[in-house]
Amino acid sequence: MTARPRLQCKVLDERLRDYLPHYATDGSAGMDLRALLDEPLTLNPGDTHLVRTGLAIYIEDPGLAGMILPRSGLGHKHGIVLGNLVGLIDADYQGELMISVWNRGQSPFTLAPFERLAQYVLVPVVQAELDLVDQFSDSTRGSGGFGSTGRH
Ligand SMILES: O=c1ccn([C@H]2C[C@H](O)[C@@H](COP(=O)(O)OP(=O)(O)OP(=O)(O)O)O2)c(=O)[nH]1
Ligand SMILES: [Mg+2]
């Protein structure tokens, strides 16, 4: 296994010191992020709320990005997912990580202070240059999309 990249992390609220993100198991793909809340937050069905994490993580390397993904238990059992579906964190972002929490379910859900509500996944990124052309060489698919290969 290659060495893990090191990311600079600022703790913006001292209460987070006891709750720093980490990989729960050797094989975990993500580190859980917690809700920085002063009091419980009730989300009614359909509500979206921007929740602080109290942390800033500066990735710096443009060959990496962060992704904020829902936790499957919260999403499946309680309908608590992300208002932006997926959060994409740029390598040059130095601000606080924010989580858009959306109750897409049918019942109110109360988020407790410092509850784990989403996960942060570091992913490789390749930036491209666009070469402008008038014609592409033929491919098998051509311009067929949106179900053009059928359903089964
Ligand atoms: O769930 C998220 C998504 C984004 N961000 C931060 C980090 C990211 O680098 C920045 C910008 O995100 P994005 O580019 O997706 O949003 P935008 O609406 O295009 O904003 P901008 O104009 O700042 O790029 O906001 C978060 O903290 N949480
Ligand atoms: Mg953007």
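The first residue you see is number 1, and the count goes up from there.
Glycine is no exception: its Cβ is also placed from the backbone N, Cα and C atoms.
According to TrEMBL, the feature substrate binding site maps to Arg71, Ser72, Gly73, Asn84, Leu88, Ile89, Asp90. Summarising the annotation, TrEMBL assigns domain 'dUTPase-like' to 20-150.
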Summed over the domain 'dUTPase-like' (20-150), the DSSP helix, strand and coil counts are 7 helix, 49 strand, 75 coil
Close to ligand 1, in the sense of Cβ under 6 Å, among Arg71, Ser72, Leu88, Ile89 as binding-site residues, are Leu88, Ile89
Largest C-alpha distance in Å for the substrate site residues Arg71, Ser72, Gly73, Asn84, Leu88, Ile89, Asp90, as a whole number, is 26
The mean pLDDT across the domain 'dUTPase-like' (20-150) is 97
Around the Cβ of Leu88 (substrate binding site), other Cβ atoms found within 10 Å total 12
The answer, for which of the binding-site residues Ser72, Asn84 has its Cβ ringed by the most other Cβ atoms inside 10 Å, is Asn84
